[in-house]
């Protein structure tokens, strides 16, 4: 009888859970959640809470991307991680742990930079929603742009101490991340910026302050190796052995604090051995600069040589940098040796006067502590190719670090999942920007506001268009081919490829790759070079900028908004080989709606074929007998292609669905190897 009661309670509990979801988000919400595909970017403080919430809420197909590895300072708030996971990839461990919460969930992890070229627009388009749990401005802006280009809704989030927020971004409907100007320089920095592979000065500063200083001078005499999980069947047994060895090294270092070689041992461990171990993870450095380990012997020899020279010449010690000066590597090395010795003596005196449990804590007004953090942060920055900072700058940055609050992360992650449920269940009107605050004069902990429409002056979502360019063999396409195509887009005669794209009306435009101009009217040296020769890969982006001033509010303006082309890989399977396509362009959502509206106003386009998989307008061409969503018969495609070839032009076909696709027929390019086609 008791068993029946227990089973009945369990069934009632499950039924209640389902009914709650249906009550809040609609009768088909649970199915929609289960079928949706979610991308989570970041597996840190917010990311851990977010992944847990997603798998427990019914999302069953999740991909998580994070570059970092687990650090000691992460363990107090990133609850998916434990000590045995230290130095292992955050994304991998987070995915593995949350899968235990819900075995029916498929969770895939990538230890990678979300800005890697493999995560291109085509890759983003597979998702129903993207959720940001990032800790830096650059990556947030990149994901924002990719979601705009792929027309995927984005749930953005952030926390700062007790404050946090979550909002939904949808291209053309709401503000994007860049619609409001962001501060150029942050005055406060969250602890979650500590990273095992730093990319900014603040990461090195927080590492030096919150990790290395604490490890060496705080009360932490416990044997870490006893807490590491000894599992011979682990996915990475060698990694666990390496972690055990590092834990023993830390204990040995603390025990040898009284030795003359203490400085050398610390230096070689954190600036050489640990770096060499990171270099062993080859996949981590495929798309980023490798760190360069430092040599104690070489720097010490240089130090002694300089000291001898100074003594002979009677000069002041040049190895001491001023507070406002950027130190050299040698100056940082000298300060490391001296500050470590001073802190060691300070710790010894404290232990003698108090007890063995005495420890030091960082104080920005303590010269010894500040010197140590300054020198170790700069040495680490040198290793990773990051700009060094002066002692004055580091004092300001280290003194304004905001602690990450686990509770705030949990609240914001919950708000994110709620917004995601509204999006997936087609209730976008219920989405809100939600703020959580603590303290002050506000009577509420939560505040909400309606989603704000786009800023018409935004250079990312309003004054820029995104197009996909499908190319097969990059060694067969020249930059001149692209220039010729763009010039043709701007023609307003009967040979115009698309009157809705006002690009290059008078050849006055520039093409930019990254921060480099690869073409403009006065610089045509690259026209004969192939995309391969210009290091343009599948996944790269090229920005076309008109040299005329673009005014979105001027209906008579002939200039175009900047256009960002994303290079995507085309596939030959299933492609109509009767058409010889030089370049296939796929206009991404946002631009497509504008183009479709313009095209609908054109009464006759004799050489344009509208297909439409999800059309919202009546078609006015020879394919009126084709049902919406159906493919155009190959016979009609071939007939259209043949007619275009007979007329000797380069007009192509346009397919309008949720995105716009353009292609060009090239009658004078007969080599099949040069075929570049649309997927």
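Cβ atoms are placed via backbone N, Cα and C, with glycine included.
Caution: TrEMBL annotation is automatic and unverified by curators.
Here's what TrEMBL has on this protein:
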- 192: active site, glycyl thioester intermediate (ACT_SITE)
- 42-47, 66, 74-77, 90, 135-140: ATP binding site (BINDING)
- 176, 179, 458, 461: Zn(2+) binding site (BINDING)
- 233-260: coiled coil (COILED)
- 301-312: compositional bias 'Basic and acidic residues' (COMPBIAS)
- 635-645: compositional bias 'Low complexity' (COMPBIAS)
- 654-666: compositional bias 'Polar residues' (COMPBIAS)
- 667-679: compositional bias 'Acidic residues' (COMPBIAS)
- 24-459: domain 'THIF-type NAD/FAD binding fold' (DOMAIN)
- 302-395: domain 'Ubiquitin-activating enzyme SCCH' (DOMAIN)
- 298-323: region 'Disordered' (REGION)
- 610-679: region 'Disordered' (REGION)
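Feature map: annotations from TrEMBL on the structure.
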residue : record              : CB count, 10 Å
42      : ATP binding site    : 30
45      : ATP binding site    : 27
66      : ATP binding site    : 26
76      : ATP binding site    : 12
135     : ATP binding site    : 23
138     : ATP binding site    : 10
176     : Zn(2+) binding site : 24
179     : Zn(2+) binding site : 20
458     : Zn(2+) binding site : 17
461     : Zn(2+) binding site : 26
- Note the Cβ centroid of 176, 179, 458, 461, the recorded Zn(2+) site, then list each other residue of that chain whose Cβ lies within 8 Å of it, in sequence. 148, 175, 177, 178, 454, 455, 460, 462
- Query: Rounded to the nearest angstrom, how far is the Cα of residue 42 (ATP binding site) from the Cα of residue 176 (Zn(2+) binding site)?
  - Reply: 19
- Here the Cα-Cα span from residue 45 (ATP binding site) to residue 458 (Zn(2+) binding site), rounded to a whole number of angstrom, reaches 30
- Item | residue 458 (Zn(2+) binding site) and residue 42 (ATP binding site), distance between Cα atoms, whole Å | 26
- How many whole Å apart are the CA atoms of residue 135 (ATP binding site) and residue 461 (Zn(2+) binding site)? 22
